Amino acid sequence: MLATDALLLLMPLIRGYVMYGDADPLTHLGYVQDIVNTGTTGANIYPLAHLLVLATADATGLEAMTLAMLTPVIFSAVYFGGMVYLLFQVADSRSGFLLGLPFVLLPILGYSHSLFRPFDFSILLIPVVLYLFFKSQRHPTPAIRAVLVLTLLSTLLYHPLTAVFVTAIFMLYYIVQYIPRIQTIYQSPTSAFGLSLAVIMSWYSNFPGVILRFDTIYRVLFGSDSSDAPVQAYAQTAQEATPSLIDIVQFITFRFGTEMVLFGLGGGLFGVALLFGLKKGDVLDTRTTMMGAVVGVFGTSGLLFLLLDLIVTQERPWQVAKIGAVLLLGPLFHIIRIRLGQPSRSLLARSTKPAITLTVLVLIVLSTLTLFPSPLSGMTNDQVTAMEVEGSEWLTEHETGNRELYHFDIEYRRFHHAEHGVSEGLPFWEVFLPPHFNYTTSQYFGQNYGSGKYVMINRKGRIFYQETYPDYPQRWKYTSQDFQRFNRDRTVDRSYDNGDIRIYLANGTKMEGT
């Protein structure tokens, strides 16, 4: 399974991509370039990932974009190793460990395994932190505690949201210890919760951007602020497009299928195990109960992120919940099989083996098909092509004047960040292209503007709607006829075309009345 994981995660490099991740990862490369330009991290709130790439590039001579694809693979390897060791701490028997092993070796975290983003790196380190934490509870030696502190500090400094998540996990562990009928094992004094809280207060309180984000979340939850939540966008799209039932099922399956299986099974098995404990006097230990609490708390938190506009999407707390859920499957399947009785005497006990096999197969299919974005989930490939990089560089070199840049699917600022740094001012103000290039109201594109505008379109944008939503042409914002008309528009001059990127200069004729 590890060989298969490696093959899947290395696919962008195997296929010869110049870069994978056409949004945040390019901006994070810009933070690396900022360090090169200035020699300092400046106001960067999560510099560890950027310093890591910069130091590795200096040591190996590899391009930053290549390292941006390789680094997530290395962190994923650390994640899988941490999950195996953490499972050994959570499982109460050899059988529970062996049953859980196939589950924890699946790439269930999706884009966190493939994108160059500090948040994803920090999420992939959580299993290692929890393993060292549990290990320090059992063997509180200075060496283990020192490694725990170093790993915990690294994880907390990678991203402020993960710092909050990890602090919440330690708080759950502290609470679980005082729940009646929960077996506390290897309890020893620990300062992990206090250390996490101290890092958040001492490090992240120095950055106004972090404070403003948490203030926004507080006002959304407890104040009068309101804005469109992710679920509202889904509901509006469904209402306007009236998709067929099969398309709705496909979207939900490939967008949320892994979460539904893990949360449904993990939460269900945990509930059954608790019932056995209440009826037969058995007890769950602290670690298993804490993982169940992680699934419940972070799964519910994800619903809040889905129902409210809390800056980031529901996927972020759900990443933590998925780690807890996948760790529970093997040990809980084993506990329930034992409690149901001997296989020779119990039909339910005999059915656990097929259930485990089916669950593994379903998760293999879902985790593999959702590892990279695809039209199956209403998303497009995040590949960055060499021609997109070349086209963006050409535009930077040849731009004249302070013009607006209209675009669709490709964001010029991301490429400018990667090339020149985030702190470098952008030469353009980026604006999304109007639907159908405004041909529904104007004969020519330039009639809508009083001055010249740049327009940047890549091949993926030209085929986006046809490939992603082929059955809903009435909902397409741009059709092939629109692009053909734009190419013939007498107010538009094609300035650059490398086969992928096309850059146009649109002449504003609004003042001329044409």
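Yeah, the Cβs are placed from backbone N, Cα and C, and that goes for glycine too.
Here the structure is a predicted model, which means the values were calculated and not measured.
What TrEMBL annotates here:
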type	residues	note
TRANSMEM	67-88	transmembrane segment
TRANSMEM	95-112	transmembrane segment
TRANSMEM	118-134	transmembrane segment
TRANSMEM	146-176	transmembrane segment
TRANSMEM	260-278	transmembrane segment
TRANSMEM	290-312	transmembrane segment
TRANSMEM	318-336	transmembrane segment
TRANSMEM	356-376	transmembrane segment
Key: Contact call for the transmembrane segment (290-312) and the transmembrane segment (146-176): at least 3 Cβ pairs under 8 Å, seq gap 6+   = yes
Message = Can you work out whether the transmembrane segment (146-176) touches the transmembrane segment (260-278), with the criterion being 3+ CB pairs under 8 Å where the paired residues are 6 or more apart along the chain?
response = no
Inquiry  = Taking contact to mean 3 or more CB pairs closer than 8 A (sequence separation of 6 or more), are the transmembrane segment (67-88) and the transmembrane segment (356-376) in contact?
reply    = no
Key: Positions whose Cβ lies under 8 angstroms from the transmembrane segment (95-112), at least six residues beyond its ends   = 1-2, 5, 8-9, 72, 76, 79-80, 83-84, 86-88, 119-120, 123-124, 258, 262, 315, 319, 322-323, 326-327, 329-331, 333-335, 356, 359-360, 363-364, 367-368, 370-373, 382
